[in-house]
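Features as listed in TrEMBL:
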type    : residues                : note
BINDING : A9, 39-42, C66, 123-134 : AMP binding site
DOMAIN  : 26-214                  : domain 'Electron transfer flavoprotein alpha/beta-subunit N-terminal'
Amino acid sequence: MAELRALVAVKRVIDFAVKIRVKPDRTGVVTDGVKHSMNPFCEIAVEEAVRLKEKKLVKEIIAVSCGPAQCQETIRTALAMGADRGIHVEVPAAEADRLGPLQVARVLAKLAEKEKVDLVLLGKQAIDDDCNQTGQMTAGFLDWPQGTFASQVTLEGDKVKVEREIDGGLETLRLKLPAVVTADLRLNEPRYATLPNIMGAGPKASASGNGSADVAPMEAGCRRLGQGQPCEPWPPVCRKPRRRRLR
């Protein structure tokens, strides 16, 4: 019986089919009334975790998202795809725009340690900021080996074989677990999360407790979805990020 546990990060972004409009004051893009969905690369990471579970290689999949209350919809989509539990690190909408890869990586590292997971899966980048930094920073905070831009993932006992795309072709890495893996576009084709499955994930994803996640200086509440115990208070995990202005 598989005993490995996987943590999958999922991000809520503006839907890829939406035409982006810049705010008149040029401080960002218009998000009010705009359709949002799960980051496509995060969908690939969730799909890979579900496939590993279907092969009896992973026992439990935990989906985590950082952001405002609307991120619960993204977690429900992950649950509808096959994740077992969801954790929502709630950040007020006014502060969510200031969350960067560094802050999210610190949160993911703390959660990986707290949940005692063996594998952290992420999309290689988000389509809104294209940073391609969160996975690498998470591995750095945890001091775990990392396999980025994965086009194939194979579990081999206490190791994970990652085939990754590089400029010269393909590179194969064998990483000792626990490890961090980021998903590239050709890793798989995600399954469609049907409406009945999303609706069925509602009770499964209902918030069962609150706690202070103290992502200093943001007072972010942490909700654990689909589990019976509330979150415990955390120590501060990030510094105040600088606000970037679009030019």
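Backbone N, Cα and C define each Cβ position, glycine as well.
No curator has checked TrEMBL annotations; they are predicted automatically.
Keep in mind the model is a prediction, meaning the values are calculated, not measured.
Note on the domain 'Electron transfer flavoprotein alpha/beta-subunit N-terminal' (26-214): mean pLDDT across this stretch is 86. In sequence order, L122, G123, K124, Q125, A126, I127, T182, A183, D184, L185 are the residues near F41 (AMP binding site), counting only same-chain partners six or more apart with C-beta under 8 A. For N132 (AMP binding site), the count of additional Cβ atoms within 10 Å of its Cβ stands at 16 [all protein chains shown]. In sequence order, G100, P101 make up the list of same-chain residues 6 or more apart from D129 (AMP binding site) whose Cβ falls under 8 Å from its Cβ. The local packing around A126 (AMP binding site), expressed as other Cβ atoms within 10 Å of its Cβ over all shown chains, amounts to 22. A9 (AMP binding site): 29 other CB atoms within 10 A of its CB, across all protein chains.
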